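Engineer: Copied straight from TrEMBL:
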- B:ALA83, B:ARG84, B:ASN189, B:SER212, B:GLY213, B:HIS214: pyridoxal 5'-phosphate binding site (BINDING)
- B:LYS215: N6-(pyridoxal phosphate)lysine (MOD_RES)
2 protein chains.
Amino acid sequence: MECHDYKLTRTMERENLNLNPLQRAGLLTPEAREALFEFGDGYSVCDYCAGRLDEVNKPGIEMFLEDLAKFIDADYVRTTHGAREGKYTVINKICEPGDTIVVDGNAHYTSYLAAERAGVNVIKVPNSGDSRAEITMDAYRETLENAIDEVGEIKLALLTHVDGDYGNLTDAKGFGKLCKKLGVISLLNSAYGMGRLPIKANEWDIDFVVGSGHKSMSASGPIGVLGIKEEFAEDMLARSKTHTNKEVELLGCTSRGAPIVTLMASFPAVVERVNRWDEELALTRKFVDNLTEIEGITQIGVTPTEHDLVRFDTPILNEIAKKHPRKGFYLYEELKNKHIVGIKRGQTEWFKCSTYGMTESQRDYIANAFKEIVEKYKD
Amino acid sequence: MECHDYKLTRTMERENLNLNPLQRAGLLTPEAREALFEFGDGYSVCDYCAGRLDEVNKPGIEMFLEDLAKFIDADYVRTTHGAREGKYTVINKICEPGDTIVVDGNAHYTSYLAAERAGVNVIKVPNSGDSRAEITMDAYRETLENAIDEVGEIKLALLTHVDGDYGNLTDAKGFGKLCKKLGVISLLNSAYGMGRLPIKANEWDIDFVVGSGHKSMSASGPIGVLGIKEEFAEDMLARSKTHTNKEVELLGCTSRGAPIVTLMASFPAVVERVNRWDEELALTRKFVDNLTEIEGITQIGVTPTEHDLVRFDTPILNEIAKKHPRKGFYLYEELKNKHIVGIKRGQTEWFKCSTYGMTESQRDYIANAFKEIVEKYKD
């Protein structure tokens with residue numbers, strides 16, 4: 001049979017400054033590139049497996065999971081196929097079909113899909129409804145208390161640590177304490193957090209936390225992290241009745257190759273960069289300041305931002321589009337000429353972006369590029 | 001914090017002749033190695049996503065899935081995180097907790113785990129109970145008919161196309177026809193088949209078929225293939241009520257990077273090698289003949305073998321171990337000196353191996369190596 005051409009190159013996205021928030025913190029480290037070479041082949045991590053992925057010693061998956069648990073202050077850690085798969089695993093195991101869970105209103109779509117697949121209902125905590133789109137712990141408390149009054153038992157509450165629309169950072173510690181007080185199991189979705197900023201699951205009284213290797217931990221996709229508090233480990237990591245060495249909820253094993261070795265290889269660099277989160281945030285804030293100096297560009301979400309993912313309203317760029325012969329495409333094309341990619345073709349009314357991991361001069365270059373484009377076309 | 005040393009090299013397993021059946025057919029093609037370079041970074045396949053992984057056009061995932069469906073003669077195809085995840089998806093969607101399914105007695109442990117995670121009971125079809133360990137369609141029919149009599153409704157029957165213990169090839173077509181006749185939904189686990197030998201899901205009346213990219217399709221783990229018959233597609237690929245573009249059972253997306261691009265890059269070579277399956281099988285049979293010329297080595301499972309994964313009883317190697325100063329470890333060490341790896345340290349009573357994809361002279365070399373070792377030590 002004849003195969004199509006699958007266009008398996010990605011030169012432009014790799015070689016230019018990529019503002020797509022999905023892509024910034026998943027860039028491989030040099031160490032991960034080497035690991036990819038070593039372990040690219042199919043079942044590569046399983047040469048020395050005695051039956052449990054989490055106990056493989058060559059490569060040192062067991063030691064890695066110990067380090068990872070320490071890093072996020074959780075009692076147990078397993079890898080999953082991604083944050084969404086981690087959320088599904090928790091919801092599916094903790095809840096029965098027909099149960100109700102509470103989820104913040106800025107949650108990623110996969111939180112809803114995980115709930116839907118597990119057959120549970122969702123009550124939303126509203127965000128502030130203004131341009132800050134903030135999830136406050138007061139709102140969470142009110143919704144959760146009302147939900148308990150109304151439904152009876154709420155088995156699980158989910159909080160998005162950093163949402164993917166505004167990059168708002170929520171109060172994970174306040175959430176953990178609130179859930180503990182109300183006797184509700186807590187799940188923190190830190191897909192945009194873990195690997196960028198510090199996670200202290202036990203200190204924050206969080207029962208389950210998920211992270212994303214491909215989104216925020218410089219690993220090849222797909223891979224996630226699931227942190228588990230001691231009291232839930234027996235249930236969540238229960239062994240099979242027929243195959244007593246295997247963990248049922250993980251179907252025995254999860255990551256068999258490239259994703260886990262790249263996660264492991266990048267891990268020391270990730271630990272180190274999380275220590276420098278304050279510097280990263282300062283650079284992002286300076287970038288936001290530079291960009292919002294342009295009249296007609298404002299930051300949406302909580303200000304000053306507390307994360308590198310930032311959303312901008314850009315009426316000035318949209319005004320230009322209305323008059324430009326290339327319509328909305330001018331912006332994509334002008335940026336591409338300046339070696340900047342990652343903002344969708346045709347989009348000018350608003351955009352979200354991240355400059356995570358870029359140097360200060362790269363960020364300045366990008367902000368100046370926008371200034372030059374606006375300068376070139378306005379009136 | 002201080003990280004352990006994760007020992008992220010795999011030189012020995014990569015650079016020597018590796019007999020581990022898990023490793024043979026997952027070796028990357030040169031094209032897949034290139035794709036790994038291009039798409040190694042985190043969320044790399046998602047630059048041009050408009051909301052659905054299976055519809056991404058750059059890289060050409062949509063075209064690839066069309067080709068793949070044609071290749072296995074299925075109506076719909078999706079990638080999963082592995083064959084086990086594909087089996088769980090089908091069992092979980094088709095069955096209710098408490099339902100009973102029928103599974104062949106040579107099934108992989110993950111078939112049981114998938115059933116257990118979904119809360120369903122399993123009735124086993126016994127194998128022949130002798131050294132052939134064969135799953136016949138007569139035995140399958142009898143068990144399935146009895147199960148229907150006893151339980152009432154059997155919603156799903158699973159057949160392992162090629163099992164991982166003996167490499168026995170089952171009659172997938174007979175199974176499909178039988179299930180159709182008895183009104184039972186059929187699921188074929190072709191983790192050791194798809195990518196090595198031809199699959200004709202529709203022609204065989206198979207409702208669901210799963211394959212494994214890392215086991216048999218020259219892809220980086222973890223990735224699987226799920227083939228779906230038309231009449232089940234609406235249910236299995238149902239969209240979310242709240243996020244109407246997203247498929248619930250796949251949690252929106254599965255493979256976000258290295259696994260899917262390596263599967264895609266290797267695919268033309270995989271299509272081509274499946275056409276040459278007969279040649280492969282002839283070379284394996286010659287290898288088995290050469291090895292079983294040694295007195296004290298016999299092939300277990302159906303003979304002549306119909307797959308490259310072969311199991312041997314090796315009392316002669318065990319006899320040597322009893323007298324050797326290095327005990328059972330001598331075999332591993334002698335083989336390693338001859339640049340052959342993939343048989344567990346200390347194991348001498350029996351082993352399973354595969355020479356899939358090796359040249360004829362490499363296979364002859366390996367058979368001769370065993371002859372030399374036996375010659376060196378016997379008496």
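Using the three backbone atoms N, Cα and C, a Cβ is placed for every residue, glycine included.
All annotation found in TrEMBL is predicted automatically rather than curated by experts.
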Engineer: Report the largest Cα to Cα distance, in Å and rounded to a whole number, among the residues B:ALA83, B:ARG84, B:ASN189, B:SER212, B:GLY213, B:HIS214 that the record lists as binding pyridoxal 5'-phosphate.
Structural biologist: 14
Engineer: With CB distance below 8 Å as the criterion, list the recorded positions among B:ALA83, B:ASN189, B:GLY213, B:HIS214, B:LYS215 that sit near chain A.
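Structural biologist: Going by the Cβ criterion (under 8 Å to chain A), the qualifying recorded positions are B:GLY213, B:HIS214, B:LYS215.
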Engineer: If you count other C-beta atoms within 10 angstroms, which of the binding-site residues B:GLY213, B:HIS214 is the most crowded?
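Structural biologist: The residue with the most neighbouring Cβ atoms within 10 Å is B:GLY213.
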Engineer: What's the most sparsely packed of the recorded positions B:ARG84, B:LYS215, counting other C-beta atoms within 10 A?
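Structural biologist: Relative to the other recorded positions in B:ARG84, B:LYS215, B:ARG84 has the fewest Cβ atoms within 10 Å.
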Engineer: Going by DSSP, give the three-state secondary structure for B:LYS215 (N6-(pyridoxal phosphate)lysine).
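Structural biologist: For B:LYS215 (N6-(pyridoxal phosphate)lysine) - judged by DSSP and reduced to three states - the answer is helix.
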Engineer: May I have the list of same-chain residues other than B:ALA83, B:ARG84, B:ASN189, B:SER212, B:GLY213, B:HIS214 whose Cβ is within 8 Å of the Cβ centroid of the recorded pyridoxal 5'-phosphate site, in sequence order?
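Structural biologist: In sequence order, the nearby non-listed residues are B:GLY82, B:GLY86, B:ALA191, B:VAL210, B:GLY211, B:LYS215, B:SER216, B:PRO222, B:ILE223, B:GLY224, B:VAL225.
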Engineer: On a C-alpha basis, identify the one among B:ALA83, B:ARG84, B:ASN189 that is nearest to B:LYS215 (N6-(pyridoxal phosphate)lysine); the candidates are the binding-site residues.
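Structural biologist: In terms of Cα distance, B:LYS215 (N6-(pyridoxal phosphate)lysine) lies closest to B:ALA83.
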Engineer: If you run the three-state DSSP split on B:ARG84 (pyridoxal 5'-phosphate binding site), which class comes out?
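Structural biologist: Once the DSSP labels are grouped into three classes, B:ARG84 (pyridoxal 5'-phosphate binding site) ends up as helix.
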Engineer: Neighbour count, 10 Å Cβ-Cβ cut-off, for B:SER212 (pyridoxal 5'-phosphate binding site): what number do you get?
Structural biologist: 33
Engineer: Return one of helix, strand or coil for B:ASN189 (pyridoxal 5'-phosphate binding site), based on DSSP.
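Structural biologist: Looking at the DSSP assignment, B:ASN189 (pyridoxal 5'-phosphate binding site) belongs to a strand.
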Engineer: Applying a 10 Å Cβ distance cut-off over all chains shown, what neighbour count does B:ALA83 (pyridoxal 5'-phosphate binding site) have?
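Structural biologist: Step by step: centre on the Cβ of B:ALA83 (pyridoxal 5'-phosphate binding site), count other Cβ atoms within 10 Å, giving 31.
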Engineer: Mind giving me a neighbour count for B:ASN189 (pyridoxal 5'-phosphate binding site)? Other Cβ atoms within 10 Å of its Cβ, every protein chain shown.
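Structural biologist: 32, counting other Cβ atoms within 10 Å of B:ASN189 (pyridoxal 5'-phosphate binding site).
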